[in-house]
Amino acid sequence: MAEEPGLSDQYPTASPWPLFVALGLALSEIGVFVGLFPVAVFGLILFGGSIAGILTESGYVERPWPTLLGVGVVLIILAAAFALWQVPVADIALSNVGTGPLFTRLVAVAAAGAVMIAMGGVASVMEQTAA
Amino acid sequence: MVAGDIVLTGLMAVLLVGVAALLTRVENWRSYTPLAGGGAVTGDETAVINREKPAGIIRWLTTVDHKDIGLLYGVYAVIAFAVGGIMAMLIRLQLVTPAGAILSNNAYNSILTSHGITMLFLFGTPIIAAFANYFIPLLIGADDMAFPRINAIAFWLLPPAALLIWAGFFLAPVTDNMIEPARTAWTMYTPLSVEQANPGVDLMLLGLHLSGVAATMGAINFIATIFTERNEEVNWANLDIFSWTILTQSALILFAFPLLGSAIVMLLLDRNLQTTFFAVEGGGPLLWQHLFWFFGHPEVYILVLPPMGLVSLILPKFSGRKLFGFKFVVYSTLAIGVLSFGVWAHHMFSTGMDPRLRASFMAVSLAIAIPSAVKTFNWITTMWNGRLRLTTPMLFCIGFVSNFIIGGVTGVFLASIPVDLILHDTYYVVGHFHYIVMGAIGFAAFAGIYYWFPIFTGRMYQRTLGKAHFWFSMVGTNITFFAMLALGYLGMPRRYATYQFDGAIAPLTQVSTFHQAATVGALILFIGQLFFVWNIVQSWLEGPKVEDGDPWNLERDGMLDREFQWFEEQLEADSPEKDPSLLADGGQEEQNDS
């Protein structure tokens, strides 16, 4: 390990992640429930990213990227399941984003999931090709 | 709307990039050494560790040490107590005259709602978590909590929760009153809470939900810690009383708070996505009351059991006798924990529910008086013939017992259906539960703060100011809340912003007099809290350093608990003359010979 040690390697009783897990969860809740599209997307990304970070830091997983990808997949599946269950199939169209109260929220969740899959996927590939 | 979305997107993007930049600065994501299970870093890493924690503000933002998190909880709770207390003063000043002295009706309703939620969720639960975080690991001889990072997550959910709960107050002026503070009362009864279109109610509900998530995470952590992290010398037979009450409280939280969370989500869905959980054509408005009180009554015991544990721990220390009937105090704690889930409908006696059902809830509610009385008698018999030392923490413990008796006995009357039907929704109820939440829970919190002040600050508080704090609080509490009991008998309904009645409903002169008495009591109480803040802040900064690991002289009676033994070890380690290489966590090297 040639790199400089990070904060939580230097200090056994410090971790930068809990603060951001909490902030991510708070922003996700506000975004999804109040219906603020950008807050929902960024909040969920922060939440998913921090989960990936905290699991890696505590040694439950080796690298953060597969976790990030996994959280993204779970969000997309959840959003799709809710859409199929609660939204009439005819209304599921990109042009309807911003009209139905539930549909727009689900699109926000799915968008956050897609971003996380993209980030996790690209970072995984880059890390493997760099190694 | 589109412009607003773009601004919001920009803000969020900046925030996210900022977070990522900060994280890459402080943390190297590739350098992790696996330490699942919270184990210590081993091998050659010791060269890297030169101190336990980073310095400055980063220490407090990144800490996963139970003692630091305990202090964060404590500071948070005291700030929330100040906010809730100022709200209470506004309420009392408003009611000096029948027409209302200082607030509009809307402002009064907003402040009334926020006062309740602030005191219960942002002061009560966190101040207990503060003591539990700091002292449970020390009392059971653990290195830290079972899940230190989850502990930190649970704390950091609380500041956003508070901002959301108070959001309406900040946002009303800048949004031209489009988003106002919630005016639902802390019980959030439907249909009122569904029909208030104000988005401030949504924000308040989200904040409450986050605080519930935090409490649940904390509870899981305490249960895991007490079950798995005990030192080999600590078994179930000699587990201290405070840990027993925290264990019971955590079990109650585990069953009660997720239910509140679900009910809040249902309410949010009813408000925003046109579901009908609490609509007449759906589950009906009464469903909310059932769900809310199924959480709400255990919540009362969630808030009172650990303070009872504090009193059971502290009171014997200054009585020179061990806690009388220790086993039965534990059994009564467990009994209250179980019974607390079978009494919720006593909040709903006047809703027109089935009388047979009502009678069974009355029976269980009256039965709770038995374990509560067991505790009370055990505290009294602990003091009986003891060598009492009236230190500030002891005074607050005795005040607790005294106020708990008045709050408890008035509760027994309310548990009886015919009495409740007369006194329901009057100031009698307000007086009853304030004797418990302020007179008992608040007093136990003060007892804990003074008792352990030497441990968490390394200094001693000012004794005279502490005693002034006690006497002002005791006199103020009793004037304020006894006047409320009398107001209830006179028929004064609770929650009203004004009381210009027709004389046939209630005798206005007496009602005004008792309201004025309650306000005078509240002022006395308020002055007492100024002594408290002054004492804590000044003593923390300038108080005399504690040199002795046993500041309360507990060793004489063989009652020096594990946390003070730990404190003694810290003092020895901190003392540079003994061994300069041993610097305890947070301690600073001081050169005495210069």
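Positions of Cβ are set from backbone N, Cα and C atoms, glycine also.
TrEMBL has this to say about the protein:
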TRANSMEM  B:6-24  transmembrane segment
DOMAIN    B:60-553  domain 'Cytochrome oxidase subunit I profile'
TRANSMEM  B:69-91  transmembrane segment
TRANSMEM  B:111-140  transmembrane segment
TRANSMEM  B:152-172  transmembrane segment
TRANSMEM  B:203-227  transmembrane segment
TRANSMEM  B:239-269  transmembrane segment
TRANSMEM  B:300-316  transmembrane segment
TRANSMEM  B:328-349  transmembrane segment
TRANSMEM  B:361-381  transmembrane segment
TRANSMEM  B:435-456  transmembrane segment
TRANSMEM  B:468-490  transmembrane segment
TRANSMEM  B:517-537  transmembrane segment
REGION    B:572-594  region 'Disordered'
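Against the transmembrane segment (B:69-91), stretch B:111-140 has more CB pairs under 8 A than any other of B:111-140, B:152-172, B:239-269, B:361-381, B:435-456. Remote same-chain partners of the transmembrane segment (B:152-172), defined as residues 6 or more beyond its termini with a Cβ less than 8 Å from a stretch Cβ, comprise 63-64, 69, 72-73, 76, 80, 83, 110, 114, 117-118, 121-122, 126, 129, 178-182, 198, 200, 203-204, 206-208, 210-211, 213-215, 217-218, 221. Contact check: the transmembrane segment (B:361-381) against the transmembrane segment (B:111-140) gives fewer than three Cβ pairs closer than 8 Å, residues 6 or more apart, which falls short of the contact criterion. Counting Cβ pairs under 8 Å to the transmembrane segment (B:517-537), the stretch among B:111-140, B:300-316, B:328-349, B:435-456, B:468-490 with the most such contacts is B:468-490. Tertiary neighbourhood of the transmembrane segment (B:239-269): same-chain residues 128, 131-132, 135-136, 139-140, 188, 190, 193-194, 202, 205-206, 208-209, 212-213, 215-216, 218-220, 222-223, 226, 230, 275, 277-278, 288, 291-292, 294-296, 298-299, 301-302, 305-306, 308-310, 312-313, 323, 326, 329-330, 333-334, 336-337, 340-341, 561-562, selected by CB-CB distance under 8 Å and a gap of 6+ residues from either end. B:300-316 is the stretch from B:6-24, B:203-227, B:300-316, B:435-456, B:468-490 with the greatest number of Cβ pairs below 8 Å to the transmembrane segment (B:328-349).
Sequence-remote contacts of a segment are chain residues at least 6 beyond its ends whose Cβ falls under 8 Å from one of its Cβ atoms, and for the transmembrane segment (B:111-140) they are 66-67, 69-71, 73-74, 76-78, 80-81, 83-84, 87-88, 90-91, 103, 151, 154-155, 158, 161-162, 165-166, 169, 181-186, 204, 208, 211, 215, 218, 222, 225-226, 229-231, 234, 239-240, 242-243, 246, 249, 299, 302-303, 306-307, 310, 437, 441, 445, 448, 452, 455-456, 495, 561-563, 566.
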